[in-house]
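Take a look at the structure below.
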Amino acid sequence: MKVHEYQAKEIFSTYGIPVERHALCHTADGAVAAYHRMGVNRVAIKAQVLTGGRGKAGGVKLANNDRDVYQYAQTILEMTIKGYPVTKILLSEAVNIAAEYYISFTIDRNTRSVTLIMSAAGGMDIEEVARQSPEKIIRCSIDPLIGVPDYLAHKFAFSLFEQAEQANRMATIIQDLYKAFIEKDASLAEINPLVLTPVGTLLAIDAKMVFDDNALYRHPDLQKLSEPTEDEKLEAIAKERGFSYVRMDGEIGCMVNGAGLAMTTMDMIKLYGGNPANFLDIGGSSNPVKVIEAMRLLLDDKKVKVVFINIFGGITRCDDVAIGLLQAFEQIQTDIPIIVRLTGTNGNMGRELLRKNNRFQVAQTMEEATKMAIESLKKESI
């Protein structure tokens, strides 16, 4: 689960990580009022959206008077950035910057550990820095039994700072960020940039946190911060019904039993020139109610023009699946072509049952079924 910058900064503040003065606003008038309350000369007006690239999209502006604050706030609040409408903005004190740094804790799948990543090249896309100047990146795996004790925090801090006073402040921030990362079950805690001001203060002027969805039940406070997209709402509904569902951008809706087969189905669709509309694993049940719910989930996506049902009968018998499909489609009214591939236990019986109903196009092999789906899509697109 992602959270907005202002929410991440609130969490950072509770852990003692220094952030600049800021205020959340929902209107241009509110932004001007907040500007007066803050009593600073210059502010950064930043769109609050759960996606990157807001600066390049014009979602971050600097202002130093009422007119500019109002104008920029109004403009940003009317924007949509990568499909996300901007409904709130963050007014942040624009601090003087002597240097910028990058610091984050994340999960490194290669080392199977929490990893600290630091760089003196802050304020930039860290992945771009890693590609172009990998020598500027410092990576350290963290032993979960030790964490980040004082001696390690100071060792890390002195790799970026020579002066003891600044290194001591950095060491404290490293420890506080690690504590927030662990206690909140985060998969990412990032400050980019962490700035050094001319007077020697360190401030997190941008903040990012991502949390493990599977651990949210332990954090009611974080659950309240969730702002799911429409796709995420559908995925949550599917999860409640026992499905694994992820919406995509294609036109061929997939209903499959088993995650591995679902991945293979999507690969086959791509191989033959199509695009899957979703990942949908309905598990091993042939229950008609489950099929109905899965179909309604697919058909809620208006981009779906063809449905590809791919079932491998292992413990689940194909004739039971066929009966479930027939019962389900007595209640589902749709003109969308339905391609069904049934193979495995009692596969012949299952296919024979479905062929008696002209509602389905039936196949035995995945290749045959995929070609049927692509051909049907071409006809629907004419």
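Cβ coordinates come from backbone N, Cα and C, glycine included.
Noted in Swiss-Prot for the protein shown:
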- Lys46, Gly53, Arg54, Gly55, Val95, Glu100: ATP binding site (BINDING)
- Asn192, Asp206: Mg(2+) binding site (BINDING)
- Asn257, Gly314, Ile315, Thr316: substrate binding site (BINDING)
Nonlocal residues around Val95 (ATP binding site), in sequence order (Cβ under 8 Å, 6 or more apart): Glu20, Val195, Thr197, Leu203, Ile205
Among Arg54, Asn257, Gly314, which are recorded as binding-site residues, the nearest neighbour of Asn192 (Mg(2+) binding site) by Cα: Arg54
Residues satisfying Cβ distance under 8 Å from Glu100 (ATP binding site), sequence separation of at least 6: Ala121, Gly122, Gly123, Pro193, Leu194, Val195, Leu196
Three-class DSSP secondary structure - Val95 (ATP binding site): coil
Those residues of the chain, 6+ apart, with a Cβ under 8 Å from that of Arg54 (ATP binding site): Lys46, Ala47, Val60, Ile81
Cα-Cα distance linking Gly55 (ATP binding site) and Asn257 (substrate binding site), given in Å to the nearest integer: 42
Collapsed DSSP category at Lys46 (ATP binding site): strand
Residue from Gly53, Gly55, Asp206 whose C-alpha is spatially nearest that of Gly314 (substrate binding site), among the binding-site residues: Gly53
Cα-Cα distance, maximum over Asn257, Gly314, Ile315, Thr316, record's substrate binders, Å: 11
Thr316 (substrate binding site) CB neighbourhood, other CB atoms within 10 A: 19
Between Asp206 (Mg(2+) binding site) and Ile315 (substrate binding site), the C-alpha gap once rounded to whole angstrom: 52
Asn192 (Mg(2+) binding site) in three-state DSSP notation: strand
